[in-house]
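Engineer: Sharing a structure below in structure tokens format, with a few things to ask.
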Ligand code: FES
Ligand code: FES
């Protein structure tokens with residue numbers, strides 16, 4: 001498993017202008033003087049919940065390793081970095097961390113020895129966690145996670161790009177700092193939702209577009225760019241705003257809740273990176289929190305300018321799939337034989353078990369990465385409440401050429417009223433190399 | 001949930017997301033429909049749903065409630081199906097036979113929709129896998145059927 | 001699998017006499033017998049059974065034949081039907097001598113027992129494989145039919161009051177021409193099959209010139225059932241009170257269950273009956289398979305690394321095993337290998353040669369990928385006996401091993417051998433790769449019959465692979481451009497030595513190099529050798545066994561040498577076969593069949609650039625030659641036509657042969673174009689047909705077959721059609737593209753259109 005996270009050279013350039021003072025600056029923590037005290041069990045439980053909501057396990061655990069002992073590889077253009085051991089092992093993990101040390105790592109991205117974490121660690125979001133949640137998280141890791149002696153793998157980034165002090169400068173420029181502040185003009189449900197989405201949920205890490213220095217271009221709803229969809233890791237993370245085409249404009253709040261709770265609804269099934277987020281994180285949130293998230297997300301207005309005119313189903317394209325006519329439309333034969341048995345000749349799928357392609361974001365968004373990626377590589381098994389899905393999306397990389405995939409996606413993205421547009425074989429080739437097929441096996445990451 | 005299979009009504013207990021294939025095989029004991037891959041890759045599990053060839057391993061049973069399902073067990077009750085079986089026997093198509101229920105269902109669906117399919121139509125539709133390599137025999141049988149038995 | 005009998009598979013402990021089973025019960029329970037029909041001729045009173053115990057296999061007529069009142073003949077076949085048409089062939093052979101139309105036969109697989117160990121030259125042995133069935137039992141099955149006919153005539157003589165010498169038969173009847181009276185076999189059977197079996201030497205066999213069914217394209221007996229979903233495979237077996245089971249295997253062979261974290265939750269899942277810890281697998285038993293499968297998949301298991309050395313016949317899969325890396329390691333394997341075949345002095349000639357052509361070829365691991373996933377139904381009966389419905393190519397071996405697993409006497413295990421949904425070597429006795437040990441353990445544990453089905457994903461995880469080989473070739477030519485010396489050193493492990501261990505006396509596994517050895521070309525100096533490298537994988541037999549890869553390796557390099565010497569590869573083969581009438585005829589036959597040899601490249605009517613390649617093989621007692629015509633479309637190899645001439649010496653059913661050649665061509669093409677079982681980090685990359693594509697219909701070429709009957713001793717048919725196909729294609733591709741295709745599958749190479 002490898003994630004791709006680009007930290008371009010701009011980061012370095014920006015840093016050249018930075019001062020040494022800033023680089024050496026040690027951020028403050030409210031827990032500076034905190035005593036280590038035996039934790040109340042409900043604090044551990046709360047910490048575990050925050051860990052679930054924050055999806056720590058997704059990066060810091062591997063399926064065949066001890067929980068949180070580290071290891072997920074993030075490929076950057078400069079080399080690979082590896083998520084670290086965050087078990088309470090004193091030697092190789094965070095066992096020696098004080099609460100303040102832990103806080104500085106989680107909310108400021110600085111280790112006790114002053115090293116800056118790469119922003120693959122979503123501390124710009126975690127910065128918004130409340131003190132209480134940070135304390136609970138710390139307690140959970142220290143009390144409930146088994147220490148595992150598992151040395152961290154050194155990053156594969158070479159000098160000078162391995163210099164991390166410039167990241168301090170990046171932090172100064174691109175993180176807002178500070179715990180989430182409730183909006184007085186909104187109700188409690190909205191505020192709870194906003195808090196979860198912006199802090200622990202770090203939804204923006206994937207769904208908010210990034211700027212030239214890989215910074216998220218907005219960290220809350222004050223900007224219309226917030227959660228407006230972004231390309232990352234070879235996937236297009238769609239808009240989570242009320243955009244009918246590329247976002248969740250056609251979903252009800254109940255649809256959002258179902259998606260996060262069951263991994264599926266009438267419009268879509270989780271796939272790509274979202275399958276991991278669902279398997280390890282969102283399904284474990286309480287119904288109340290999920291309702292809050294849905295409520296908050298549904299309050300974010302869409303942008304008709306960006307999103308275009310709302311999708312409407314058009315049955316006409318079914319005609320291209322008639323056996324006698326398939327040869328006329330590139331991709332139609334592939335669709336009929338590789339896709340239609342599940343997604344239907346009408347593109348409507350068999351919701352909620354098998355998602356529709358008619359009106360799917362991946363078929364409406366100008367970005368074609370998700371459509372290509374899921375076709376090449378299939379998707380991870382969706383495991384809801386411990387029960388694996390009945391139907392999985394298989395990888396087609398071994399059966400279909402770049403052109404065949406491009407053709408079938410071009411067909412899908414123009415059928416049934418879809419407006420995503422044509423896909424080029426070169427775009428398929430570009431993703432084929434660096435990506436791997438999803439496993440057909442059920443993978444459940446353990447937290448304990 | 002009630003299912004219409006081979007013109008009879010069955011009441012089934014399976015969960016809504018259970019593949020039709022396993023409802024047919026295990027709950028109803030109709031084992032003529034085969035399991036080969038479970039992920040719509042082989043076609044061994046093909047049945048007809050309202051006349052359309054459907055891979056039952058990827059068909060949640062709740063999605064076919066109210067539809068008329070035909071399995072291989074009823075193939076000879078269908079005029080087209082009977083002709084397909086005859087052609088299969090005449091051309092000695094099967095080898096191990098495991099894929100053939102699905103092949104016969106796919107053939108029947110095509111001929112019901114298009115009684116005189118062209119070679120291209122046949123190639124477009126007869127895409128089920130056969131590990132024994134009976135593809136040319138299938139082609140020959142289909143050519144015969146397409147001509148109403150005139151050719152071959 | 002030429003010499004399977006001698007050294008390859010573990011021989012079972014056989015019980016000696018016929019299996020102690022209620023034949024009547026067996027008959028009624030099995031698929032072919034109409035329930036309630038009167039079963040005649042098979043009742044073997046204990047005393048007489050004992051008295052006849054010394055009878056040679058294949059002569060106890062009532063053990064094989066039941067003739068029903070309506071004249072239908074039920075035959076128990078020593079060989080299992082898996083698509084190769086052997087049931088029909090058996091009916092033809094027996095029917096020919098019995099004088100009964102094969103169309104009146106109902107054929108089923110025989111239970112284990114010495115009676116059915118009819119394979120010539122392989123006493124005490126019974127398998128369906130190695131393309132051995134018809135050729136090793138042809139004489140015995142003819143004799144069986146003749147013996148039965150003699151018994152019917154004797155019974156008729158008594159009933160008609162006429163001497164046997166005045167009687168004759170016509171299909172299904174004994175006729176007394178003088179009186180114009182006749183009796184149907186069905187009427188005679190009760191008396192006839194109670195008579196002592198005559199001396200096998202006393203019967204005369206029919207003159208082949210008068211054959212009515214042998215050598216005819218008799219219709220297959222199983223085609224209607226298979227076209228209507230009525231055919232019953234192991235996966236379809238049902239008995240009363242049966243439960244279903246699914247398994248999740250350890251990701252790597254040898255690992256064991258530590259804990260199942262969510263075992264309680266699994267038990268609570270819908271329809272689940274029980275959860276079981278089996279060796280290297282979690283099993284879930286449920287009322288329905290789908291529920292069992294979901295729970296088995298849901299099991300969150302802490303798999304433990306293996307401890308200690310693997311059990312005999314088991315290999316622990318290393319966590320870092322990668323097939324690509326293994327191939328590279330084979331390429332670097334040191335040494336010249338152990339000699340499997342030598343002629344002249346190839347090393348010396350090559351050492352002194354000015355120019356040596358050298359190339360390294362690679363054949364990958366491949367999966368069986370038969371379309372029916374493995375399944376076994378086990379039922380313990382109140383009397384302590386065990387019924388086992390198990391896909392198998394060797395009932396006696398399965399009986400012996402099942403008995404061991406169940407802890408009962410072999411005679412108390414009834415093995416039912418249903419039709420196989422494809423086999424290609426998949427269903428030999430591979431205990432770690434077959435579900436029957438699990439079915440037995442589970443049936444025992446739950447006290448009810450249990451049917452285990454492996455999901456396709458589990459099948460790909462535990463299937464045994466056809467070995468991988470990397471072969472280093474060196475050759476040199478004389479002044480006329482003719483091959484003077486050829487050396488093939490293959491780094492690989494043979495399937496037999498992988499299954500049964502290396503031969504103690506240092507004999508090589510002939511299956512490792514067959515197809516490199518045994519070539520008929522007149523090359524004066526030849527050396528074929530094997531560098532034995534043990535594979536971390538479990539290996540098995542795959543259709544055409546060593547030939548499936550070695551003929552590709554050899555025949556492709558042969559073309560390289562031909563090109564080096566400026567020789568046309570077809571002409572060169574003809575020249576090096578001069579004086580070998582059989583192979584010369586065969587090669588000419590395939591040339592004629594293809595409309596005269598032309599190598600190309602040429603432009604076809606549709607405007608595509610095409611070329612042809614030729615290759616030969618001598619597998620399983622038969623001879624085959626193929627020509628393939630190919631083009632490249634969008635970087636992908638397209639095979640348009642495949643011509644094959646095949647000479648099995650003499651034949652039984654030309655229609656079945658043509659179908660088998662089609663089948664072998666499909667598998668051969670699938671292999672050369674697409675197939676490769678890859679492992680990374682100790683696990684298979686492909687767990688289903690999504691990542692392990694097999695030949696789809698749109699890549700099947702036209703296949704043209706010519707059967708040549710040279711009159712040589714009868715050879716096999718199931719496998720011989722395959723080996724010449726991959727090299728014919730590769731040679732055509734190499735010639736068309738100017739780029740040597742030195743590895744399978746060709747999908748791993750990129751070609752310009
Ligand atoms: S079992 Fe349904 S397509 Fe293979
Ligand atoms: S006949 Fe065996 S798989 Fe098709």
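Any Cβ shown, glycine's included, is placed from N, Cα and C.
I grabbed these lines from TrEMBL:
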DOMAIN    A:42-145  domain 'Cytochrome c'
BINDING   A:56, A:59, A:60  heme c 1 binding site
DOMAIN    A:188-301  domain 'Cytochrome c'
BINDING   A:203, A:206, A:207  heme c 2 binding site
DOMAIN    A:326-416  domain 'Cytochrome c'
BINDING   A:339, A:342, A:343  heme c 3 binding site
Engineer: With H, G and I counted as helix, E and B as strand and the rest as coil, say where DSSP puts residue A:203 (heme c 2 binding site).
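Structural biologist: For residue A:203 (heme c 2 binding site) - judged by DSSP and reduced to three states - the answer is coil.
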Engineer: Please identify, among the binding-site residues A:207, A:339, A:343, the one with the smallest Cα-Cα distance to residue A:60 (heme c 1 binding site).
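Structural biologist: Nearest by Cα distance to residue A:60 (heme c 1 binding site): A:207.
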Engineer: Provide, as an integer number of angstrom, the distance between the C-alpha atoms of residue A:339 (heme c 3 binding site) and residue A:59 (heme c 1 binding site).
Structural biologist: 32
Engineer: Residue A:339 (heme c 3 binding site) has how many other Cβ neighbours within 10 Å of its own Cβ?
Structural biologist: 22
Engineer: With an 8 Å cut-off on Cβ distance to the A:56, A:59, A:60 Cβ center, who else from the chain surrounds the heme c 1 site?
Structural biologist: A:55, A:57, A:58, A:61, A:68, A:70, A:72, A:83, A:86
Engineer: Name them in sequence order: residues not among A:203, A:206, A:207 whose Cβ is within 8 Å of the mean position of the Cβ atoms defining the heme c 2 site.
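Structural biologist: So the additional residues around the site are A:202, A:204, A:205, A:208, A:227, A:230, A:237, A:240.
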Engineer: So what's the mean pLDDT when you look at the domain 'Cytochrome c' (A:326-416)?
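Structural biologist: Averaged over the domain 'Cytochrome c' (A:326-416), the predicted model reaches a pLDDT of 97.
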Engineer: Considering only the binding-site residues A:203, A:206, A:207, A:342, A:343, which fall within 10 Å of residue A:56 (heme c 1 binding site) when distances are taken between Cα atoms?
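Structural biologist: Checking each Cα against residue A:56 (heme c 1 binding site), there are no hits.
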Engineer: Expressed to the nearest Å, what is the distance separating residue A:342 (heme c 3 binding site) and residue A:203 (heme c 2 binding site) at their Cα atoms?
Structural biologist: 30
Engineer: Please report the number of other Cβ atoms within 10 Å of the Cβ of residue A:59 (heme c 1 binding site).
Structural biologist: 24
Engineer: Measuring Cα to Cα, how many Å separate residue A:59 (heme c 1 binding site) from residue A:343 (heme c 3 binding site)?
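Structural biologist: Their Cα atoms are separated by 32 Å.
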Engineer: Tell me the Cβ neighbour count for residue A:207 (heme c 2 binding site), meaning other Cβ atoms within 10 Å of its Cβ, over all protein chains shown.
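Structural biologist: Taking all protein chains shown, residue A:207 (heme c 2 binding site) has 24 Cβ neighbours within 10 Å.
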Engineer: Between the Cα atoms of residue A:203 (heme c 2 binding site) and residue A:343 (heme c 3 binding site), what distance do you get, rounded to the nearest Å?
Structural biologist: 28
Engineer: So if the criterion is CB under 8 Å to a CB of chain B, which of the binding-site residues A:60, A:203, A:342, A:343 qualify?
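Structural biologist: Cβ contacts with B, in sequence order: A:342.
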Engineer: Determine, to the nearest whole angstrom, how far the Cα atom of residue A:206 (heme c 2 binding site) is from the Cα atom of residue A:343 (heme c 3 binding site).
Structural biologist: 27
Engineer: Including all protein chains displayed, how many Cβ atoms other than that of residue A:60 (heme c 1 binding site) lie within 10 Å of its Cβ?
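Structural biologist: The Cβ of residue A:60 (heme c 1 binding site) has 26 Cβ neighbours within 10 Å.
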Engineer: C-alpha of residue A:207 (heme c 2 binding site) to C-alpha of residue A:343 (heme c 3 binding site): distance in Å?
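Structural biologist: Cα to Cα, residue A:207 (heme c 2 binding site) and residue A:343 (heme c 3 binding site) are separated by 26 Å.
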Engineer: Give me the non-local Cβ neighbours of residue A:343 (heme c 3 binding site): same chain, 6+ apart in sequence, Cβ-Cβ under 8 Å, ordered along the sequence.
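Structural biologist: In sequence order, A:349, A:354, A:355, A:356, A:357 meet the Cβ cut-off.
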